[in-house]
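Trainee: Just passing along the structure, written as structure tokens.
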Amino acid sequence: MAQLATYQYGKDLVRFLRVVRDPSDPSRQDIAEYTVRCLLTGDALASSYTQADNSLVVPTDTIKNSINVLAKVLDGRRIVLVPELFALHVAHHFVNKYSHVEGVEVELESHRWTRLDLGAAEGGEHKHSFVRDGESVRTARCVMSKTGGAGGEIKVDALQGGVKNLLVLKSSGSAFHGYHRDELTTLKPVEDRVFSTAVECVYTLELNAPLSAFLRPSPYSAPTTLTEPTFKPPASSSSSSSSSAASASSSSSEPDSTPFHSPIDFNALHALVLTHTFRTFATDASASVQATLFKMASAILDSVSVSPAMPVQSVEYALPNKHYVPIDLGFAGLGNVGEAEAEVFLPQANPSGLIKAKVVRAPAAA
């Protein structure tokens, strides 16, 4: 007899671009382009698998619509432009709204757009023009759960930031020798080689304040049914207003002006992770990918250890080798194989080494 072990369902590949206009100069704009996956679970949903009972299934189309509405009504500058905060708000929406949803996993990718710089003669950075200057993506993941049904305790089980597809290369400063050798070893030791990898980094955070400190009030009312979401528009700043003011209010994407400051500066933390990744990669006299990986993770953990605003608990890297092999040009009477003379290389896609590790802070000495 079969039984259900684990299950999740939801919507994948939800894509949107959010434009955030500066209230003091609407022509100056910031953007965020996301691809989102949102998966729901809960004991009550098991019957949809085992008994073909759809009565409690929130349609995946509703999940997609909810993400798009949240992208519109949440504070653009302070929430939607911050991947981790947007993931927190999306996850909280579902466990808070639907009493039978006991767990949510939200993963998102923030696609790279960099503001165009036209040079000082033309005003420097353009107000609303951007270029995709790389295929790396910033990532965020939030896992949230609820116990006790409607009104039950909601907690964050995992909150992570990261980056992937971050391609880096150094043409010198990397060696690999002294490794185990046996009758199947054909690799030659090298004192200097090309070192390239597509960095994937995930750093796990612990909330440094209650969950409520990270959330703006939801633009949705408390759930009254499980069939139709009830949208509560942002309150007007006054009880009566002109039609033009009402129109401006209805088109505004900012729910209110209540001060909001996240206890964690997620953008600054992400920038710090990139800084230590780049600096260590560039300056380390690499004995191996493994050794460089550990130094990168250690630099991040050491730099945030004294900052309660950056509560990183662990850092994980996955570093696949991007091999560049010297091309033998002996047929043309040219030396290009030795370390000192190699200048023309063949990029080799596969097979490739893959080095992974999770680094945590050592426990304090007793």
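Any Cβ shown, glycine's included, is placed from N, Cα and C.
Nobody curates TrEMBL annotations by hand; they come from automatic prediction.
Reproduced below are the annotations present in TrEMBL:
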- Lys11: active site, charge relay system (ACT_SITE)
- Thr60: active site, charge relay system (ACT_SITE)
- His323: active site, charge relay system (ACT_SITE)
- Thr60, Asp61, Phe176, Arg193, Val289, Gln290, Asn321: urate binding site (BINDING)
- 235-253: compositional bias 'Low complexity' (COMPBIAS)
- 225-259: region 'Disordered' (REGION)
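Please go over these features one by one and say how buried each is and what sits next to it.
Mentor: Classification of Lys11 (active site, charge relay system) by DSSP places it within a strand. Listed in sequence order, the residues of the same chain lying 6 or more apart from Lys11 (active site, charge relay system) and placing their CB within less than 8 Å of its CB are Val36, Arg37, Cys38, Thr60, Asp61, Ile63, Lys64, Ile67.
Taken residue by residue with DSSP, His323 (active site, charge relay system) is part of a strand. There are 18 other Cβ atoms within 10 Å of the Cβ belonging to His323 (active site, charge relay system).
For Val289 (urate binding site), other Cβ atoms within 10 Å of its Cβ number 20.
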Trainee: If you count the other Cβ atoms within 10 Å of each Cβ, which of the binding-site residues Gln290, Asn321 comes out on top?
Mentor: Asn321
Trainee: Which one is closest to His323 (active site, charge relay system) in space, judged by CA to CA distance, out of the binding-site residues Phe176, Arg193, Val289, Gln290?
Mentor: Arg193
Trainee: Grab the urate binding residues from the record (Thr60, Asp61, Phe176, Arg193, Val289, Gln290, Asn321) and give me their largest CA-CA distance in Å.
Mentor: 51
